[in-house]
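K.L.:
Copying in the features that TrEMBL gives for the protein in this structure:
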| type | residues | note |
| --- | --- | --- |
| ACT_SITE | Cys27 | active site, nucleophile |
| BINDING | Cys301, Cys447, Cys504, Cys507 | [4Fe-4S] cluster binding site |
| BINDING | Ser348, Asp410, Asp411 | Mg(2+) binding site |
| DOMAIN | 27-282 | domain 'Glutamine amidotransferase type-2' |
Amino acid sequence: MESTEGNSLQALRQNRGKVDSGLTHECGVFAAIGNESWEAGTEIAQIVLIGLQALQHRGQESTGIVTSEGHNEFNVQKGMGLVKNVFTNESISQLTGVMGIGHTRYSTSAKSTAINAQPFVVHSMHGSLAVAHNGELVNASTLRKQVLDRGVGLSTHSDSELITQALCLIPPDGEVNGPDWPARIRHLMQLAPLSYSLVVLLKDRIYAVRDPYGNRPLCLGKILASTHEMVNGFTEDIVNKIVDAEKPADGWVVASESCAFMKITRYMREIKPGEIVELTRSGPKTIDIIPTPAGKAMAFCIFEYVYFARPTSIFEGQEVYNARVHCGRQLALEHPVEADIVGSVPESGNAAAHGYSLQSNIPQGELLAKNTYVGRTFIQPSNRLRQMNVALKFSPILTNVKGKRIILIDDSIVRGNTVGPIIKLLRKSGAKEVHIRIASPPLKFPCYMGINIPTREELIANAKDFEDIALKVGADSLHYLSVEGLVRAVQKDIKVQGRKIGHCTACLTGEYPGGVPDNLDW
């Protein structure tokens, strides 16, 4: 990417939901619909609630649920904060319906305020429409102008509201006998090819939509027979008995990750890139599959495997945990070192540390005990306070640290604010050597598709070479997994039939799947 282009994009990127360290995902989506035997109660809302709790790692700023009883008026509850704090018995009691969608959010393209909480709801001449969105439109400014030119007003700068309003526009070929929602969705996908996974709620159906590049994840599941009667009273015995995927469905669910299905539903499959799935009370059916633009490859975000997804989630026919183990194995092949023990920064590097240990035959052990009751720490004004925060979060396990040559595995380094204090903590506890191994390549470029990666100037890998970074963080050595090694590890166990595979590595290489647009509104 040209440096002048990069500099202008970096300026546009400034102040978009800055965090002190690490990366943040934009959001998670969930939808549920009961079959024709369901009555309009609160069970659907409770299933959506459980799904959102399982997707809480994808966004912690705001959350919302919208349900439909089959009429034009929706029931809506939204708020700022965690799922468990926003939804109470009283608020859930207001969410009666036979279908519903939910969302949990972390902001990238709009401020973290209540007005931007999703799902977005609009009232059109054809009834109510609600949308929950994971991703970020790379051509949001162009689409925004098109929507405004059609006389539609917008109340926020969120591209998710933009999608909702764009779906209310009549498609170019017109409509007969009311709205043609599949045609409207196709039109949106032509106007905005990435990046999004959507769940769209109408009064009597839900649409699940994944962009033609497959950049953001989305999967389909089903509610097994009789489980909806037991949402509030599951026992392990009941869960263990209801495991037959061939049992008739009482309903269907859609989620950003399959980890949201484990307690209440059964995983069926991924929504394909470009696929539009219509869910009615009779079941799901594929309406259309919009192809990837000519000459472009599939571009599923590779950092879903590395960093964002829960290890139990299934992408492309494989469990995320196994892909992370393969990353650790590949890292050991590329960057071996003599040591006494392999450990990780909990819990992000656990699977990769396991893989490194298996490949290198160096014993794996816990180096740091994490205090799970310490919340997120904010930007601190001095290194001393940052180190105190690290000491508050982590306690060295002296048996495994003192006098040992240590290999410390983590999934990524962003700004380098955390790893340095951790190394100092290990050295103060008697570590003889500390070798850092990162189970992903260096982050060098921002993401324009729904991941909050800092500006290029803030990314430590752009400022220094490996030796300089090692010196800065206090390590005896520091090495990253190669891009080629990451792709090899991720693709090792993929089981996808009938379509091509491909992964977005833009934050590592600067090669963006749809190209970098000329005019970004951020």
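Glycine is treated like the rest: Cβ placed from N, Cα and C.
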K.L.:
Sorry to bug you, but what's the C-alpha spacing from the residue listed as 'active site, nucleophile' to Cys301 ([4Fe-4S] cluster binding site), rounded to the closest Å?
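P.N.:
One finds 14 Å between the Cα atoms of these residues.
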K.L.:
Could you check which of these recorded positions, Cys27, Ser348, Asp410, Asp411, sit within 10 Å of Cys447 ([4Fe-4S] cluster binding site), going Cα to Cα?
P.N.:
none
K.L.:
What number of additional C-beta atoms lies within 10 angstroms of the C-beta atom of Cys447 ([4Fe-4S] cluster binding site)?
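P.N.:
Around Cys447 ([4Fe-4S] cluster binding site), other Cβ atoms within 10 Å: 22.
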K.L.:
Averaging the per-residue pLDDT over the domain 'Glutamine amidotransferase type-2' (27-282), what integer do you get?
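P.N.:
Summarising the domain 'Glutamine amidotransferase type-2' (27-282) by its mean pLDDT gives 85.
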K.L.:
Looking at the recorded positions listed here (Cys27, Cys504, Cys507), whose Cα lies nearest to that of Asp410 (Mg(2+) binding site)?
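P.N.:
It is Cys507, whose Cα lies nearest.
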K.L.:
Distance between Ser348 (Mg(2+) binding site) and Cys507 ([4Fe-4S] cluster binding site) at the Cα atoms, whole Å?
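P.N.:
Approximately 19 Å lies between the Cα of Ser348 (Mg(2+) binding site) and that of Cys507 ([4Fe-4S] cluster binding site).
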K.L.:
Can you count the other CB atoms that lie within 10 A of the CB of Cys504 ([4Fe-4S] cluster binding site)?
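P.N.:
Within a 10 Å radius of the Cβ of Cys504 ([4Fe-4S] cluster binding site) lie 28 other Cβ atoms.
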K.L.:
Give me the count of other Cβ atoms within 10 A of the Cβ belonging to Asp411 (Mg(2+) binding site).
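P.N.:
By my count, 27.
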K.L.:
With every protein chain in view, how many other Cβ atoms are within 10 Å of the Cβ of Cys27 (active site, nucleophile)?
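P.N.:
Its Cβ has 28 other Cβ atoms within 10 Å.
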K.L.:
Measuring Cα to Cα, tell me the gap between Asp411 (Mg(2+) binding site) and Cys504 ([4Fe-4S] cluster binding site) in whole angstrom.
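P.N.:
Cα-Cα distance, Asp411 (Mg(2+) binding site) to Cys504 ([4Fe-4S] cluster binding site): 17 Å.
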K.L.:
How many whole Å apart are the CA atoms of Cys507 ([4Fe-4S] cluster binding site) and the residue listed as 'active site, nucleophile'?
P.N.:
18
K.L.:
Which one of these binding-site residues has the most other Cβ atoms within 10 Å of its own Cβ: Cys301, Cys507?
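P.N.:
That would be Cys301, with the most Cβ atoms nearby.
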